[in-house]
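Structure first, commentary second.
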Amino acid sequence: MNILIFGPPGSGKSTQARRITERYGLTYISSGDIIRAEISSRTPLGLEMEKYLSRGDLIPDTIVNTLIISKLRRVRENFIMDGYPRTPEQVIALENYLYDHGIKIDVAIDIFITKEESVRRISGRRICSKCGAVYHIEFNPPKIPGKCDICGGDLIQRPDDRPEIVEKRYDIYMRNMEPIIKFYQKQGIYVKIDGHGSINEVWERIRPLLDYIYNTRSRR
């Protein structure tokens, strides 16, 4: 089973993608994880990508396509792709690769939330500067404000988590996703999921659909 999952900043798509990975034994491919790993390595490419993210801009398609397709070549089948494609140019690159290798996408899941909810979820996020633990000032606050429960490190807000940057990211996402949504609708594999509510509530909107697809595919 091959899945695409996308959603605006703060939609919880990565959390749901990991649940899907565990339940169906898929390989998890996260564009965000791949990009962050490159940035953390402080490579020239990583430093270049960091500049785009700090401004709330999208990383150029040529860079993202190279990173993702390279990962996909090592996986081949039974994957869930988190956060890719996000532009029409990325769709073209992905479709060309899939066509050349005889791979089909079973479903494209879109987890939708409003801009207000996106800002609320993202702007409250805090990251430990030492160990990388993630907190939220509203949903998962540390015991001592500004300090990590695990290692005592200072909690910081990532530059791209600032409210004004989140709003910009949301607007860019929605603008770029419109033609992508239409593309997958025409293919008959697009499914829109309400991303508001708890993690479990959203999961129960996704699980029955994927159980059906998985069981149907297994009987082929």
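The backbone N, Cα and C atoms fix where each Cβ goes, glycine too.
The structure displayed is predicted, hence computed values, not measured ones.
As recorded in Swiss-Prot, the features of this protein are as follows:
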{"type": "BINDING", "residues": "GLY10, SER11, GLY12, LYS13, SER14, THR15, ARG125, VAL134, TYR135, GLY197", "note": "ATP binding site"}
{"type": "REGION", "residues": "30-59", "note": "region 'NMP'"}
{"type": "BINDING", "residues": "SER31, ARG36, ASP57, LEU58, ILE59, GLY83, TYR84, PRO85, ARG86, GLN90, ARG158, ARG169", "note": "AMP binding site"}
{"type": "REGION", "residues": "124-161", "note": "region 'LID'"}
{"type": "BINDING", "residues": "CYS128, CYS131, CYS148, CYS151", "note": "Zn(2+) binding site"}
Based on DSSP, name the secondary structure state of ARG125 (ATP binding site): helix, strand or coil.
strand
Within a 10 Å radius around the Cβ, which one of these binding-site residues has the most neighbouring Cβ atoms: TYR84, TYR135?
TYR84
Environment of CYS128, CYS131, CYS148, CYS151, the listed Zn(2+) site - residues of the same chain whose CB lies within 8 A of the CB centroid:
SER129, LYS130, GLY132, ALA133, ASP149, ILE150, GLY152, GLY153
Would you identify which of the binding-site residues ILE59, CYS151 has the most other C-beta atoms lying within 10 angstroms of its C-beta?
ILE59
Could you put numbers on the helix, strand and coil content of the region 'NMP' (30-59), residue by residue per DSSP?
21 helix, 1 strand, 8 coil
DSSP three-state call for TYR135 (ATP binding site): helix, strand or coil?
strand
So among GLY10, GLY12, SER14, ARG125, CYS148, all listed as binding-site residues, which is physically nearest to TYR84 (AMP binding site)? Use the C-alpha atoms.
SER14
Around ASP57 (AMP binding site), which residues of its chain at least 6 apart sit with Cβ under 8 Å of its Cβ?
ILE172
Sequence gap of 6 or more, C-beta under 8 Å: which same-chain residues meet both conditions with respect to SER14 (ATP binding site)?
SER30, GLY32, ASP82, GLY83
Among all chains shown, work out which of the binding-site residues ARG125, ARG158 has the most CB atoms within 10 A of its CB.
ARG125
What subset of the binding-site residues ARG125, CYS131, TYR135 lies within 10 angstroms of ARG158 (AMP binding site) at the C-alpha level?
ARG125
Cβ atoms near ARG86 (AMP binding site) (within 10 Å, other residues, all chains):
19
